[in-house]
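Enquirer: OK, TrEMBL features for this one:
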type: TRANSMEM; residues: B:12-34; note: transmembrane segment
type: DOMAIN; residues: B:17-436; note: domain 'DUF112'
type: TRANSMEM; residues: B:40-66; note: transmembrane segment
type: TRANSMEM; residues: B:105-130; note: transmembrane segment
type: TRANSMEM; residues: B:136-156; note: transmembrane segment
type: TRANSMEM; residues: B:163-180; note: transmembrane segment
type: TRANSMEM; residues: B:200-221; note: transmembrane segment
type: TRANSMEM; residues: B:313-340; note: transmembrane segment
type: TRANSMEM; residues: B:352-372; note: transmembrane segment
type: TRANSMEM; residues: B:384-402; note: transmembrane segment
type: TRANSMEM; residues: B:431-448; note: transmembrane segment
type: TRANSMEM; residues: B:460-482; note: transmembrane segment
type: REGION; residues: B:488-510; note: region 'Disordered'
type: COMPBIAS; residues: B:500-510; note: compositional bias 'Pro residues'
Amino acid sequence: MATVHPPIQGDSGAASRWREAAPGAICLVLGAVLLWLARSIELPTRVMAVSPRIWPEALAFGIMGLSVLQIVLAFVRTPEADDDEDEGPVVRSGIVRVVGFVVATVAFGFLWYFVHFLVSGLVFVAALTWIAGGRGLKDLVLFPAGVTVVIYVLFGLLLRVPL
Amino acid sequence: MNAMVEGFGALLSLEMLVCVLAGAAIGMLVGAFPGVTATMAVALASAFTLTMDPLPGLAVLLTILIGAQFGDRVPAILINTPGTPASIATTFDGYSLAKQGKAGIALTASAFASAIGGFVGIAVLMVAAIPLSTVAMQFGSPEMFALVIFGLTMMIEVSGKQLVKGLIAGLFGLALGTIGRDPMDGSDRFTFGIPQLVEGVPFIAVIIGLFGIAEVFSQMLSKRHASQKPITNFGRWWPDKREARQMVKPVAVGSGVGTVVGVLPAVGGDIGGIVAWNQAKRLSKEPEKFGKGSIEGLTAADSSSNAGVGGSVLTTLALGVPGDSVMAVMLGSMIIWGIQPGPGLFSNQPDLVYSIAGIMFFATVLTLGLSLLRMRGVAKLLELPNRFLWTVILTFCVVGTYAVNSSVFDVGVMLGFGVLGLLLRRYGFPAGPIVLGLILGPLAERNFRRSMELGGLESIYTSPIAMGLLLLGVAAVVLPRVRARMKARRQRPEDSDTPTDPPVPAGASR
């Protein structure tokens with residue numbers, strides 16, 4: 001089922017190599033952090049057959065080894081077409097929407113402390129719908145009101161979650 | 001016999017009926033919307049089923065899975081887009097049939113084939129679960145460690161062509177599993193003074209973030225659109241006698257193939273469907289029609305992917321090794337309910353096998369009934385604007401995650417893993433191995449360190465069962481690759497068995 005992508009030439013090929021290598025480098029750093037954390041685990045006073053550090057240390061070495069392999073492969077292997085081909089190209093409005101959703105969710109977390117869920121939830125759902133492109137009374141009032149009530153009935157009243 | 005009576009008897013309540021009905025409705029809808037996967041729905045549902053008793057909760061989750069396995073055929077047949085990857089092979093013949101004005105027949109034939117496949121899988125689950133568990137009961141720590149390692153080899157299968165990235169993701173999942181109490185001495189590890197991390201990373205929040213939030217964010221980021229317009233002319237609904245007779249052999253082939261494939265860890269309904277489609281083509285008197293609107297091809301694929309559910313549940317519950325991402329999510333929920341899937345489960349609670357089989361049976365019957373309802377309305381539903389779909393999913397993810405522990409911290413974890421999941425997708429890292437690592441990691445570490453305490457490495461390599469399982473793990477990784485390489489050498493590119501790749505929801509797992 002795999003699609004065979006043609007090799008990419010020129011500048012885009014070089015960019016693709018760096019794009020493949022970058023996550024490997026980040027993982028290498030994270031692996032090193034895990035190794036440092038593993039080595040800071042306090043050893044128990046009683047004698048054990050194996051150190052409690054052995055498992056996280058082994059994982060850290062595994063991550064670092066594979067990260068190096070990922071970096072090497074990024075420069076050695078013929079680069080394939082961008083994964084964007086599967087995921088679809090990123091659009092500017094999409095980034096705005098994602099950031100908007102994250103910010104709205106964080107803001108909802110704060111608002112919820114001060115205002116009842118039926119109000120904060122309504123504002124939250126309306127904000128999400130607006131960010132996603134909804135406009136007008138139906139999208140920004142009726143739909144959010146319906147969703148908020150359904151969630152409140154399902155979670156708050158039926159499942160007794162303290163909303 | 002008592003276990004069977006008790007198991008089925010536990011299902012006779014109004015609550016169970018409501019749970020199965022709700023699960024079937026949700027599952028059918030989930031399956032019908034490309035982009036909303038069964039894994040995502042089960043992850044989300046697991047958040048609010050945790051407050052329920054285990055059996056009703058399981059009823060909801062299992063029925064969603066089964067409902068999604070039926071619902072995903074609808075977009076596969078009507079818009080040539082599999083609702084979940086399990087219906088990839090449905091598109092090979094389903095959409096061609098629909099274009100020929102036979103959408104009604106395709107939907108009906110698909111529903112019956114899926115149901116028959118499902119029943120075969122359930123029968124295998126009922127017959128094999130207890131004997132398999134009884135054998136697995138002999139397992140000590142070395143054998144359990146080997147079993148978990150065998151389970152972890154599925155990371156390689158889940159990783160697909162991104163093997164190195166998949167393994168890195170899996171190791172990070174295992175590393176996440178080290179957060180919390182040390183499995184041997186109980187001391188805090190990597191908690192950084194955060195009390196919510198003492199019990200470990202909240203994995204429902206991680207799962208919802210990686211599968212639910214990341215999927216929504218990914219769709220937003222790239223604004224993917226369906227490329228096909230839904231079919232609106234359904235034609236005749238019931239197959240005639242000749243068409244019904246044509247379905248018998250492919251359904252038998254599909255059910256058999258699907259059951260065997262389903263038992264294997266990490267091989268999902270998508271692969272089962274494609275393998276069965278190929279087998280049915282080889283055995284057909286009209287192989288030339290496959291890929292151009294063959295009822296045989298359609299029914300072989302659909303019966304196979306549904307037969308695989310029973311086998312997958314069997315492996316997950318009897319051995320504690322999740323068959324795929326959706327089973328990993330379900331396994332996580334069960335652990336929270338206090339049910340520890342694995343060798344002891346069915347030996348100690350044999351009635352649970354029959355309860356689960358009963359839930360799956362009722363769910364299959366119910367979703368078959370729903371599938372046979374005329375589906376003109378579904379074509380309209382497929383046009384639901386994304387702004388509503390995204391908002392509903394995100395809101396349910398937020399409130400559902402909060403509901404697990406009434407914890408805003410969990411919502412933060414979910415959001416963080418949602419963003420991480422999005423980055424992983426963009427850079428080609430599969431999310432499935434992280435979940436597998438997170439769930440199986442503590443089990444692997446505990447049994448490894450216990451084995452070391454009991455007798456060192458010798459306790460592992462002197463155990464025939466442990467060594468057998470480890471060799472099986474190696475074989476599961478190596479053999480398919482060797483076979484694929486040999487096949488690729490033998491086969492010229494133009495001899496491809498399957499039609500052109502259909503569009504698949506990106507990053508979806510089931």
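We number each residue from 1, going along the chain as drawn.
Just so you know, glycine gets a Cβ as well, placed from its N, Cα and C.
Mind mapping these onto the model and telling me what they sit next to?
Expert: Listed as Cβ neighbours of the transmembrane segment (B:12-34) (distance under 8 Å, sequence separation of 6 or more from its ends, same chain) are residues 40-41, 45, 52, 55-57, 59-75, 79, 81-84, 87, 226, 359, 362-363, 366-367, 370-371, 378, 381-382, 384, 389, 505.
Non-local neighbours of the transmembrane segment (B:105-130) in the same chain are 66, 69-70, 73-74, 77, 90, 93-94, 97-98, 234-239, 243, 247, 250-251, 254-256, 258-259, 262-263, 295, 298-300, 302-311, 313-314, 317-318, 346-347, 350, 353-354, 356-357, 360-361, 364-365, 367-368, 371-372, 375; each lies 6+ residues outside the stretch with a CB under 8 Å from one of its CB atoms.
Residues 163, 166-167, 169-170, 174, 265-266, 318-324, 342-344, 347, 432-433, 436-437, 440, 443-444, 446-448, 450-451, 454-455, 459-460, 463, 465-470, 472-474, 476-477 of the same chain lie 6 or more positions beyond the ends of the transmembrane segment (B:136-156) yet place their CB under 8 Å from a CB of it.
Long-range contacts of the transmembrane segment (B:352-372) within its own chain (CB-CB distance under 8 A, at least 6 residues past either end) are made by residues 3-4, 6-8, 10-11, 16, 20-21, 23-25, 27-28, 55, 58-59, 62-63, 66-67, 69-71, 73, 107-108, 110-112, 114-115, 118-119, 121-122, 125-126, 129-130, 306, 309-310, 313, 317, 339, 345-346.
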Enquirer: Quickly jot the same-chain residues contacting the transmembrane segment (B:384-402) by Cβ under 8 Å, restricted to those at least six beyond its ends, or write none.
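Expert: 33, 35-36, 40, 44-45, 47-48, 204-205, 208-209, 212-213, 215-216, 219-220, 408, 410-411, 413-414, 418.
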Enquirer: Six or more residues beyond either end and a Cβ under 8 Å away: which residues meet both conditions relative to the transmembrane segment (B:313-340)?
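Expert: Sequence-distant neighbours of the transmembrane segment (B:313-340): 38-39, 42-43, 46, 49-50, 54, 57-58, 61-62, 65, 121, 124-125, 128-129, 132-133, 136, 147-148, 150-151, 154, 158, 203-204, 207, 211, 262-268, 346, 352-353, 356, 360, 404, 431-432, 435-436, 439-440, 443, 509-510.
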Enquirer: Could you give the residue numbers and ranges of same-chain residues that sit at least 6 residues beyond the transmembrane segment (B:163-180) on either side and whose C-beta is under 8 angstroms from one of its C-beta atoms?
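Expert: Contacts with the transmembrane segment (B:163-180): 152, 155-156, 188-191, 197-201, 206, 424, 427-442, 444-445.
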Enquirer: Can you name the far-off residues of the same chain, 6+ from the ends of the transmembrane segment (B:200-221), with a Cβ under 8 Å from a Cβ of it?
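Expert: Sequence-distant neighbours of the transmembrane segment (B:200-221): 35-37, 39-40, 43-44, 46-47, 50, 176-177, 179-181, 325, 328-329, 332-333, 336, 386, 390, 393-394, 397, 400-401, 404-405, 407, 409-411, 413-422, 424-426, 431, 434-435, 438-439, 442, 506-509.
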Enquirer: Find the average pLDDT over the domain 'DUF112' (B:17-436) in the predicted model and report it.
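Expert: PLDDT averaged over the stretch: 82.
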